[in-house]
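**Student:** If you look up Swiss-Prot, you'll see 458, 464, 467, 468 marked as Mg(2+) binding site, on the strength of sequence analysis. The domain 'tRNA-binding' annotation in Swiss-Prot covers 39-154. Under the heading domain 'B5', Swiss-Prot lists 405-480, citing sequence analysis as support. As annotated by Swiss-Prot, domain 'FDX-ACB' applies to 707-809.
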C-alpha cells in the first residue's frame, strides 16, 4: 500500500513528525517499508509564465521565449518543446539551478547562462521527466493557471511531500485505502478523524438499469446508477493526478481516474460501464463453461462455473470483482455511463485472478473483504466527482441487497487478554481501546462482547481482539522479561526414542536432512502414490503445488533432481514430515482435522556411488541392500520383515513392504524404471518410507550374559522351488526357535543363492534354487556337543521341508 503523507493528513493530522508517524504505524502492525520524497532534491526552480514565443533564427525546432519568472525582469529562454505557447505556466530552472541527475547516482544537472545557436538562454523550461516527476517527456509540464508566478516549484507542487510504502499483512484489508490507514492512525495516536464529506447527489433522471442477482453466494449487494451526458474528454484535475501518481497509479482518463481515486481513497473498487454498449439489463451470476471474455488488459479468457461474471442479454461484460470487459469499456467518446459498486463474497473472488495468471487491485481487495455497508455512499462519492469534473445528469441509486454477512459477536475475557499479553491492562482502558478502534461492544463483568464492524473481516475469535488490544496499547510498553519456569525432572520413557534421535541417526549414516512443502504437484501424487483423488487445496500458492502429499517419495525425487541439475554425483537425503490422507474415520480434535489423517513419516533416498570416489575401493552404485542395511540399523534392535510387494513408485522386482510385529509400516525399493525415464534420472535411486511410530517405539534393553564358550557355525544348503521367498524360510526358522532343540540358535544368515544355468545345473531342475544359510549356535553354560548342534540343524531343515518341500542339497 503506497500513498503520500499529505493525502493521509487530510483525514487525520497527528502532532507527529514523518519519522514519528512511521514508527507509530510500524509498531502497531502496519510495517512501513520505505519513506521516500515525492521528488528528488532541486534548487532555484520556480513557476514562470511564457509571455511571448518566436522562432529561433537559425533552428527550425527551437523557439525563443520571453518568460516572467517573478525575478523582476523578463528572461529570454531558448526552448525546443512542441507544446510551448504564450500564456502557459511552466517550471523554470533559473541560472544556477540544480536539476535531478539524468542517471541515478550521477551529479545534479546545473543550469548555466549559455547560447544556443547564437541566441542567449537565461535558464530552461522543464518537462515532468526532467524534474523526475514522471516519465512524460512529450513536452513542457503545464501547471494550473492559478499557480503563483515566482513561487518555488517544490512549494507549488508540494514536492517535499513524503510517500509512505506500507507492507500490510493479509488480514488487514481494512487498511487498503488512505482512509483505512487514517482510521488506524487515529486509533493509534488519538488524533481526531475527519470522515470524507459525502453528500447524496440530486437525481435529475428517473432512469435505472434492470439488475438481477442470480448468484447470492457470489454477490451480496449491488449498487449502481445511470449517469448521462458526461464529457469523457474532460481533463483530470492536477490534484487528483498528483495523488494517484504518488499512490503508484498512472492517470488514464477522467472517468477511469475517478474510479481509481475513490478505490485508493476509500478502499472500494468500482467499475464504470459504457451504458450505450449494454444490451438490456445485467445479470450477476456464475460463469458457464464455454463462455469467453476479452478483458480490459487485452487478454481473452475461457470462463467456467467457478468464476463470477456480470453479463447482459447478449454477452459477458465483466469478470466479477476482478476486471471489466473490453466490450463495455468507457472511451473518450463515451457520453452515458453505468456506475457500479458491489459487495463480492471474498471466497468467490479468492484465487480467481491467479487462475488466469494476473492480479488486479480490485481482486486484491475483494478477496480479503471490503466493507459491505458503504456501497451507496461510495457510489455517491464517485458520482459527486464525475459530475464536478465531467458534468452530466445522474439517476437514482439502485441498491439491491440479497445476502450480507451476519457478524456474530466475539467475546473476549479481560483476564485472558492480560495473561496472553503479559501485562495488566485495566478493563476501562480496554474499553477505551475498543472505542478508539470503532468496535461496538457490551460488557458483562470482565467479558467484552464485540460486534465486528463491516470493514473488519479479520475479527473472528477471541485472540483477534486480544491482538487489537495489544497493538493499540503498544508493544513497546510491554516490559521485556525473561521467561521463568520451574525446573522439573521428568522420567525418561525408555520404550520410545525421539524423532530428533532418529534424525541424528540418519545424519550419522551420511544422509542430509531436507524440508519440503506438504503441498505438491497433482502429477507427483499420480506417479508416486497412484492417487488420482488427492486432497486438493482451495487456494494453492502455485498451480504446481495444488494438492496435499500422501507420500514423501515425490518430494525426495524432487530434491534429487534439484541436486542433479547442479551436477551433484552422490545424493543421500531424508525428510521427516507429515502426509495427508482422506480418512472419514478421523474425528476432529485439538490436533486433528475431521476426515483427514495426518501421519508423520520418515523417508530417505540414496543415489550414486556407495562411497565417495577413492583409490582404495572400486566405485559401485548404491543398491537395494545398502539402503536396507541403513533401515535395519535404524530399526535395531527391532527386527523387520521385508515382504515382496509392488508399489506404484517402486521397481516391481526390487521393492518390499516393511512389516514390524506383523503390521505394515512402510516401503523400500528402487525407483520404478518408468519414473526414472520420465524424470530423466541417469540411475535409479533407492528409497524407503516408514511410519515414524515404528521407529520411535523400541523394547526395553534386556541384559544377557556374554558366553565364555566358543560359538558353533554350521552351513546348510537347501533346495526349494524358485517361487518360495527367502523371507518365508526365515519366518519358518524363526518359528522353529520356539522348539527346545533350537534354543541355542543365535543367528541365521543367508550367504549364497544358486540357480541352474544353461551350461550347468548343479543338480537342480529349472524351477529350483539353492539357498545357503549360516547358522550360529552358542550356549552360555558350556561347549555345545555335536549331537545338540545336529539336532538343532535337523529341526530347522525338517521345518522347511514340511512347509515348503525343502531338501538338503547333496
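Just so it is clear, glycine is given a Cβ too, placed from its N, Cα and C backbone atoms.
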**Student:** On the three-state reduction of DSSP, what should I expect for residue 468 (Mg(2+) binding site)?
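**Tutor:** It is helical.
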**Student:** Counting by DSSP, what is the helix, strand and coil composition of the domain 'FDX-ACB' (707-809)?
**Tutor:** 33 helix, 33 strand, 37 coil
**Student:** An 8 Å radius from the center of the 458, 464, 467, 468 Cβ atoms defines the neighbourhood of the Mg(2+) site; name the other residues of that chain inside it, in order.
**Tutor:** 171, 456, 459, 463, 465, 466
**Student:** So what sits near residue 464 (Mg(2+) binding site) in its own chain, CB-to-CB under 8 Å and at least six residues off in sequence?
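**Tutor:** Residue 464 (Mg(2+) binding site) has long-range Cβ partners 410, 458.
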**Student:** Near the Cβ of residue 468 (Mg(2+) binding site), how many other Cβ atoms are there if near means within 10 Å?
**Tutor:** 25
**Student:** What same-chain residues, at least 6 away in sequence, bring their CB to under 8 Å of the CB of residue 467 (Mg(2+) binding site)?
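**Tutor:** The list for residue 467 (Mg(2+) binding site) is empty, so the answer is none.
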**Student:** Could you give the number of helix, strand and coil residues in the domain 'tRNA-binding' (39-154) as assigned by DSSP?
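**Tutor:** Summed by class, the stretch gives 2 helix, 53 strand, 61 coil.
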**Student:** Please average pLDDT over the domain 'B5' (405-480) for the predicted structure.
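**Tutor:** Averaging the confidence scores along the domain 'B5' (405-480) gives 93.
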**Student:** What does the DSSP secondary structure composition of the domain 'B5' (405-480) look like, as residue counts for helix, strand and coil?
**Tutor:** 33 helix, 14 strand, 29 coil
